[in-house]
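According to Swiss-Prot, the feature transmembrane segment maps to 18-38, 62-82, 106-126, 136-156, 190-210, 218-238, 252-272.
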Amino acid sequence: MNAWNTIYDQFNPIAFSLGGIEVHWYGLAYACAIVIAFYMALRMIQKDPERFPIERKEFESYFLWAELGIVLGARIGYVLIYEPNSSYYLTHFWQIFNPFDRHGNFVGIRGMSYHGGLVGFLIASYLYSRKDLKKLLIYLDLIAISLPLGYVFGRIGNFLNQELVGRVVPKDSHLGQIIGIMVDNQLRYPSQLIEAFLEGVIVFLMVLWAKKHTKTHGLLIVVYGLGYSLMRFIAEFYREPDSQMGVYFLNLSMGQILSLFMVVVSLGILLYATRHSKKIKENQ
């Protein structure tokens, strides 16, 4: 047993309290993720105006739409897919976003689905650009290159919040014994950090490579979708399935099943892009 194995004993998931409201590390990490994604996008607009011909004010307006779509979709998606008492929320819809419990205590809004957020993001992007659909693929590509590094902080937030824990490490796994984290007296994979690396860093490198080697609008979001799906599928083997969900056909988790659907959506966007997108002009 090393110091890393027992790191959860060394810190509190609550960063600080403000006026009786507990601020979690996850909330701070999520805020960092938004800021990083925002400024990464601005940098991309500045560095590559041929690929991203968007004015700053225009992007700021779009970013608000996209973020709202992500938050709404992520929360609603979690309730519909993962919440065991989802029928209650269908008749008490306002409770989905109520940060207080029935006793009036502030508990925050817990439970967000990445894939639900993805659907919300796509819907918001379409609604924002419906009057000028030529820009839809440009917006999607911009988020594809800007999101992954921000996503890293989101998963680090999950780790600090001690949630979405990993599967139990096999006793014969030497590496697992080194990197594992003690949770409920069991050594588990740090799946949140594995996801941060695979779904954040590796996917970013994939999209960055595509940016350098493709000249068609819409391909970056396709590479992101396919790359994320593959990395999430792999990472799920180290992540404990949600207790209320378990595993399904071929022992696949819900995250893996939704990732397969994400592949289908990505291929649909690829088909749309190849038919409606124009080649990007070379920089002069």
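Residue 1 is the first one shown; counting continues down the chain.
Even glycines carry a Cβ here, placed using N, Cα and C.
Counting Cβ pairs under 8 Å to the transmembrane segment (218-238), the top-ranked stretch among 18-38, 62-82, 252-272 is 252-272. Counting same-chain residues at least six beyond the ends of the transmembrane segment (62-82), those with a Cβ under 8 angstroms from any Cβ of the stretch are 34, 38, 41, 54, 89, 96-97, 109, 111-125, 127-129, 139, 143, 242, 244-245, 254, 258.
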